[in-house]
Amino acid sequence: MSPTELIREIEKRRTFAIISHPDAGKTTLTEKLLLFGGAIQLAGTVKSRKASRHATSDWMELEKQRGISVTSSVMQFPYKDRIINLLDTPGHADFSEDTYRTLTAVDSALMVIDSAKGVEERTIKLMEVCRLRNTPILTFINKLDREGQEPIELLDEIERVLGIRCAPLTWPIGMGKRFKGIFHLSHNRIHLFSPTHGGKIKTGEQIQGLDNPRLSELLGNQVEELQEEIALVQGASHPFDKEAFLAGEQTPVFFGSAMNNFGVEELLDAYVEYAPSPRARETATRRVAPKELKFSGFVFKIQANMDPQHRDRIAFLRVCSGSYQKGMKLRHTRLGREVQIANVLTFMAGEREQAETAWPGDIIGFHNHGTIQIGDTFTQGEELQFTGIPHFAPELFRRVRLKDPLRTKALLKGLQQLSEEGATQLFRPLLGNDLILGAVGVLQFDVVAHRLKHEYSVDCGYDSVQVVTARWVSCNDSRRLEEFRTKAAAHLALDGAGNLTYLAPTRVNLDLTMERWPEVAFHAIREHALGVEDGNPLVASL
């Protein structure tokens, strides 16, 4: 691999995720991007779910049943001399942690907004995450073929609620029953709306210029209204500023109808033109540039049983620098171990292929036999640890109840493997034999029970447990920590990675315990793999 070849491959890559509130049309837009990219021939539209076609990115059985995305899928496809890596994030609020980690693996994000509902709660939370990292954001305002809010009101709401300047690059001509198409402001071109569903790509007539006589023929009285509106928009809105976009301060805005394949091509064309290629990444010791010749990357997700026939676990790794070549040896820095990585996968939703090479920005999958954790770094020898991949304290807890005591071993294996994915956390109290599951949303418990039954043949239920929150515990004084461990044993547990955790029965109890033990640190967040928060090492099982 020459430096020139590496730079050429880096410049080709665009890695992004789609963020939205549930039902804004994220999964449909994902399908249509794949359709325009030539990655699929038939879009599994939402309406056709009952006819046994499901969205390509919703590959897990439970997702197909419920019609929601609960895991992050990875899809790669070529488009206009670029390689697009699209990470589909969970649409359900209960899976925010998985989405948060996915957003650490991308270089930009596409925000989808329902034109009728405007900025919704989940979008606000996801944008906060993007703002922390100054992630460049493109915006697609969807469902223009239905009645919705006025476009100017939507832009105002985005600016006011999300705190990001809007630069419209396309503008709708009417909406709902009066929706006639979009005007491309920078190209001075009208693209007329022609509704198409599923796998058909119909371009619709394109007309150059607002004063074109053909426009009057087609739109009649709507032309003057459109001319006035466009003049107002051009005078009042922010012009597109690429530097402000790359700094996460301004978002280019596009309008369309994903269900009808309309406005998607303009969005995709602008995305490959404006979105950044892979960017430098922070580690605990230094910044790693993608053009460095030596390979490095980090694991942001683990998925169990992507292939139910093989009971496998796949670790998803974002390549940060250099290139992966089949069969190369890599250093697993957390374990200080050299490993030969022979069978690496690339993804198209549930479909997988063997990867011969991979470049910065690409997402590849390693087979994980229980040694890889979320946040782990792999390099060609250097002791690096990529940072910024958090683990949050869960907010809901349940005691796991096994219906068949003979399946105890299978239950433990299933819970350990599923908790490695990071959507739920398993806690084993120091006293007794309970297994306590922690999550940030109720749906996660349903998902675990469903997957235990279908993937591990384990039937389980849940009991309530007197735990309101968890805190990871650390202390620089090992003698004092051992004393705390003895005296607070009734409320202590080990998490899936062996870290000591305080399971607080009430908020008052937590406050009193923290007052009573000032030398002990209680952490609501810990970094994956590092086991460090605010400079304090989190203690593994002692």
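Cβ from N, Cα, C; glycine included.
Here Swiss-Prot flags 11-279 as domain 'tr-type G'.
Mapped onto three states, the DSSP output places Asp23 (GTP binding site) in coil. Annotation source Swiss-Prot lists GTP binding site at 20-27, 88-92, 142-145.
Look at the binding-site residues Ser20, Thr89 and count other Cβ atoms within 10 Å of each Cβ; Ser20 has the fewest. In this structure, Leu144 (GTP binding site) belongs to neither helix nor strand by DSSP; it is coil.
For the domain 'tr-type G' (11-279), the model gives a mean pLDDT of 82. For Leu144 (GTP binding site), the same-chain residues lying six or more positions away in sequence with a CB closer than 8 A to its CB are Ser115, Pro172, Met175, Phe179, Ile182, Phe255, Gly256, Ser257, Phe262, Gly263. DSSP assigns Thr89 (GTP binding site) to coil in the three-state reduction, outside any helix or strand.
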